[in-house]
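According to TrEMBL, the features are:
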- 116-197: domain 'Cation-transporting P-type ATPase N-terminal' (DOMAIN)
- 1-68: region 'Disordered' (REGION)
- 176-196: transmembrane segment (TRANSMEM)
- 208-226: transmembrane segment (TRANSMEM)
- 366-390: transmembrane segment (TRANSMEM)
- 396-421: transmembrane segment (TRANSMEM)
- 883-916: transmembrane segment (TRANSMEM)
- 1004-1026: transmembrane segment (TRANSMEM)
Amino acid sequence: MSAPADTPETILPTSEPNVDLESGDATADTPLDVEPRRTVVVLPPQDNDYGIEERPTGGLNRPRGTEMRRELTKEEKELAQAGYDHIIAEKNEEHITEKGDSKDPKDVNIGKMDITEHGYSLEDLENVLVTSFVTKEPAASPGLHPKEAAERLLRDGKNILTPPKKKSAFMKYLDCLKNMFNILLILAGILEYVLLGINFEANFANTYLGGILIAVAFLNAFIEFYQLQKADAILQSFLALIPPSCRVIRGGTLLTTPAAELVKGDVVFVRMGDKTPADLVLFNSTDLKVDNSSLTGESEPQERHPLPDGSPYRAVEAENLVAVKDMEVCTALVDSWLALMKRQIAKLTGGESGNKSPLATEIGNFVAIMSTIAIVFALVFFGVGIGTVYRGNVGATVTFAVSILVAFVPEGLPSVVTLLLSIAAKRMAAQNVLVKDLQGVETLGALTLLATDKTGTLTRNQMTVTNIWNGTNMSSAFQSNNDADDTVPFSFSTPGMSEIIDVCALNSKIKFDKSDIPFEQREILGDATETGLARFAGRHLPDYDRHHKDHPKVFEVPFNSTNKWALSTVKKVHADGFLTVMLKGAPERVLAKCTTYLNEGVSTPVDDAFNKSFDDAYSYMASRGHRVIACAQYNLPGHIYPENFAFTRNPINYPETGYTFVGLVSLEDPPKHGVREAIGTLRLAGIKVMMVTGDHPKTAEAIARKINLILGETKQTLSARTGRPLSDIYDDEVSAVVVHGDDIDGLQGFEWDASVFLSIIVRGLLAENWFHSVFAKEEIVFARTSPKHKLEIVKRAQALGHIVGVTGDGVNDSPALKKADLGIAMNISGSDVSKEAANMILLDDNFASTVKGVAEGRLIFNNLKRSIQYTITHITPEVIPQLLYVVVPIPLPLSAILILVIDLGFEIFVGLSFAWDPPESKDGLMRLKPRKPVTDRSILSIKKRALRRTKTLRRDSETQTLVTPGRFRQLLTKLRAPFTRIWWEDRLERTEDETLVDGKLLSYAYLEAGIIEFAACIVSYFVIFLKHGFSPADLRRAQKATIYFAKSSPDFITNAGRVIDSKAQLEALAQAQSICAIPLPIR
């Protein structure tokens, strides 16, 4: 049967006797006559068909052989796509919402609330917004009348984001109380009080037991609640409490008003350093740049200017729309009563629910199993007891059943787990890591994938001068490990460096928040590039302020997008005159104005040799992802330009050519200290670290290589090194990938992890990674990503079984922070939204703190395991005596009260001591693989389960989308599951995962240590009774009679003829129970 001609096919070798198909290596008798290597690759889907095709690629050779064609089966395609149905369904819902076709009226409004006003001309905009402004003289704008503004505020509401719903303290406490163990304890306690209604006098003593059980449950909940509230209180102290204000023109008067009271149509005046209070359409501005780093991740400020005819682009790309922090003076018009991008990001964040931590899931499963066993055994013992020992005495039988329940339930376990995590969280707080969710402490140690933002997380979000070229030599101003060998440290005494410092300091428009404090402590208000240049100059000038006073500015031409340079004329005396022009800007533009360059302090004509040196230096800086600025000067001759010369911009009356080139300065947003080492340690620990940023791919890759996040080659770098076209390079040849955000939308589900499945399905081929399988790469960078992209990346990784951590500081990171298994926000540079969405906050913004957190998380997991093992070891020696009490029978060795005393009075304190157990070796924890590693086998298992689950769901007859079953049907499915073969196969499937409570731990606790403790208890029990004259046979006979070991008991005559009165009986029982309890806490 042949495949259709247009169907992509798989080419498999059928006869290759000289190749080991398992290892892919040629054997010793491989013939020399070989053809170019043929690599199998997966092609993009065409006509809903996913295939593979073979093409010659060069490189390693493969022997010739007879080949056959094979097409992927329908089952293989379904398996590759399985597991992503929920993501596709969410995308479809979002698409419906954006179109406005949703049946939910709230969703319809959300889909239609995008900004369009930036597309209007200024004349039309004035009419649409029903306001009044003057484009040429903004200060003369009437703006809205105060009465009209008040009416609009009442109609539209305040200019604030709707805060997320927060649970009250009482509801948070109830959530802590809704632990299965706590519920069982409360029900058992209530049951003891119900017995009072049956027989008050006989059961009055049990009210103490009931009160203790209920109190223990509430105490467990309070301990957890207290720790959560304490972390939340610390977080709130870091959030901004002062409401922002802004300047607005109303009724022709400039007023200062709270930003929350802005309305649509207000005319707003924004100055350098202000935070934009809403979405603003510009109608007048001067050299405006905005800082979008918290929204898009771009380190560089973006230019914005008025467009009289409006902008045809989307709101995010519109050059006449401002949505964030302004860097220059401008006047603008309020366009919407809620910031566009922040509104959409807030919607994304609010729509996501955080995942349960792996620890919470495992503890939940353990609690459910233990609770089920406890309930079943309690019911069984109740039935046996009421028919044998207690003979219809319901009250006594219920009390006995409760003691069985108490024996099975480790009452102190919730408190021990909470306190252990609290102790670990306190240790992490000392290392500047604030834990909002206690279980996040352990989650950090369980991570398999860490997706981190670039700006402000890996880098400082502060442009810094790195290299300086003075026309002859390259110098380094910032410590770097990848400078060229001939790069020397910066020295102010090097010829030409003082001139570069002057250009950086004097040709600047930056301002300071304060001028009465040392330079290094000042906050600089201005463009990020100019800020970096000014800080560099300030470090090398004796007195920055004095330098400006000695060389006052007399004229300037600000930077603009047309000229791409900035010019300043200052009073700086030289041999030929009084004035000096300082020029800086784009290197090619500045060099075009220069006729000479400084060569060892001497002006030398520009020649071909200099141009080549310039190109080499420029390429060296730019290739490292730096922003390059050229500096030049012109010593104006005094006879042409006297000290009082009148410079003008229009008409141009300043020198345009004849400048002297003084050097190149490169700046970058440098990596934070310790980031490179942290990434290496995380990689050693088996955690895949990938960068997700909104910045340019080239910039992202350059930073990734500096911090060793990318060590291997991408297709682009391999192509540049070998000269091969990109089309001839396949994914199995490279270990790194840089994915553009625009490509994410077009990726099919199987393209995220295709190589894993094809390597399993199509065995026998030499190459096992054939397609653009993103998560199969060791080194991954996502660039130009939007908040939606970041969120999808997290979801895709989680669908493959990854435990995902996300670090970020911007508003754009918040949806991914909330969806991730562990969201990690920055405190200093982080936005309030990101801090609210995260589970953990780095107080000092030090990414390297995550390494300490991972080690702490892994240590606390090991210590938790030991503590739980210790805690549940008591179950066997507490339950078996109860069984002997019913079956043999013998007097009750351990009462319910005594069991509670052991569990709560001793075991909690001993269990807490495990929190201080040190690791076995200093670096051992960080050399272990994650406890739930993601492998080809684990992904295939997840895919098979997802495919099986998908086939059982009903699909809509029209849209063919999956229909989520109702709650009742889901509950019914869960109840039926344990009675199916597949359920047990899944549970018993062998994995590489290490769980908190596994078979090894249970075997030791129940069958080894538990049996040994039981033997010690029961032997001690019989020895004490023997000392008081009771043999085991006497005990059995006395218990069967059911009239002994009470205050009103008759005398008991032993088999040896000894008479024991009631007082001696009670004393013997009390001592026997006490000695039976002593071995339990001692393990």
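Glycine residues also receive a Cβ, built from the backbone N, Cα and C atoms like all the rest.
Predicted, not measured: the structure shown is a model, and the values here were computed from it.
Segment contact is absent for the transmembrane segment (176-196) and the transmembrane segment (1004-1026), given fewer than three CB pairs below 8 angstroms at sequence separation of 6 or more.
DSSP places the residues of the domain 'Cation-transporting P-type ATPase N-terminal' (116-197) in helix, strand and coil in these numbers: 51 helix, 2 strand, 29 coil. Within the chain, the transmembrane segment (366-390) has long-range Cβ neighbours (under 8 A, six or more residues past its boundaries) at 179-181, 184, 396-398, 400-402, 404-405, 408-410, 872, 879, 882-883, 885-886, 889, 996-997, 1039, 1042.
Taken together, the residues in the domain 'Cation-transporting P-type ATPase N-terminal' (116-197) have a mean pLDDT of 81 on the 0 to 100 scale. Among residues of the same chain six or more beyond the transmembrane segment (883-916), those with a C-beta under 8 A of the stretch's C-beta atoms are 208-209, 212-213, 216, 381, 384-385, 388-389, 399-400, 402-403, 406-407, 410-412, 415-416, 419-420, 423-424, 860, 863-864, 866-867, 870-871, 874, 1017-1018, 1021, 1032, 1035-1036, 1038-1040, 1045, 1069, 1072-1073, 1076-1077, 1080-1081.
Within the chain, the transmembrane segment (208-226) has long-range Cβ neighbours (under 8 A, six or more residues past its boundaries) at 169, 172-173, 176-177, 179, 181-183, 185-186, 188-193, 399, 402, 406, 411, 414-415, 418-419, 438, 896-897, 900, 904. Counting only same-chain residues 6+ beyond the ends of the transmembrane segment (1004-1026), those with a CB under 8 A from a CB of the stretch are 869, 872-877, 880-881, 884, 893, 1032, 1034-1035, 1068, 1071-1073, 1075-1080, 1083.
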